[in-house]
């Protein structure tokens, strides 16, 4: 979007925020009816990895995944075409959110190692056709707010010197703000990986990321009046989304602990030495000021955790955890014949993505 850098600190911050909230009300609905919904996580990872490779801003990454979600929701596309669609969504989003000199170039994209592993070569004509198809699908409107568009505005007051840590005054406000920003970024990526978060408004997801981060950091009150006034959401509004985020965090902590314990066990077997296990460290923390374990949310046992992005965890790629939602399938449109073959039904497994 054509917004100034750090717009949330300017005089027009409140006006821009109101405009984003108004635009949020007009977002297209997501029905979750794509036959390729089980492959969504794979292509969200692809977008995230490529965007990180080019150091694109979070809003470009989140917009790209949202464009992909809406496109998959409307069309039945083959896996090979979805690779092209995903990268075209990322290019469009970067052109909309980034400066021109930061938009990935075709030659650089084709030189990426992951492109050869996918046996994929992008052409200028193919990208132009796909970008045009995407623009026509969205009626040339890419002004689509995502959770990433709201978090910086919320972070501006997410931590205050009057907050308490474990019931005591904070000893280092700036360090707490740093941890808050890291955790909010983590939860943002969690929300990107699971289509279930599309059931919530983007501004609510962003607010839930802040609330979940305050819970993890043991800040009280959990949802102070200043955040309720700024976001317009009460704690009761945030509970369903926050619970899903905390379940994902708890799952990541357990997986990290499991992998960390397995490594010393292997060394112990090889060297015959006694090894003492330590808890997993998250977000490259160098300080043990904050507890590692997340509060246990009260949730139904059938909730499945979202998985944190594999490129962001220190323990390597996580296995793809797919979900489906039951919904009545409406008739789906075929993609207009623009040099892309469309099949109405197919079954296949996405190739292993070389991270």
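Just so it is clear, glycine is given a Cβ too, placed from its N, Cα and C backbone atoms.
Curation does not apply to TrEMBL; its annotations are automatic.
The domain 'Cyclin-like' annotation in TrEMBL covers 45-136, 153-247. TrEMBL lists 145-280 with the feature domain 'Cyclin C-terminal'. Annotation comment: TrEMBL describes 292-322 as region 'Disordered'. According to TrEMBL, the feature compositional bias 'Polar residues' maps to 309-322.
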Taken over the domain 'Cyclin-like' (153-247), the model's mean pLDDT: 94
The domain 'Cyclin-like' (153-247): DSSP-derived helix, strand, coil residue counts: 64 helix, 6 strand, 25 coil
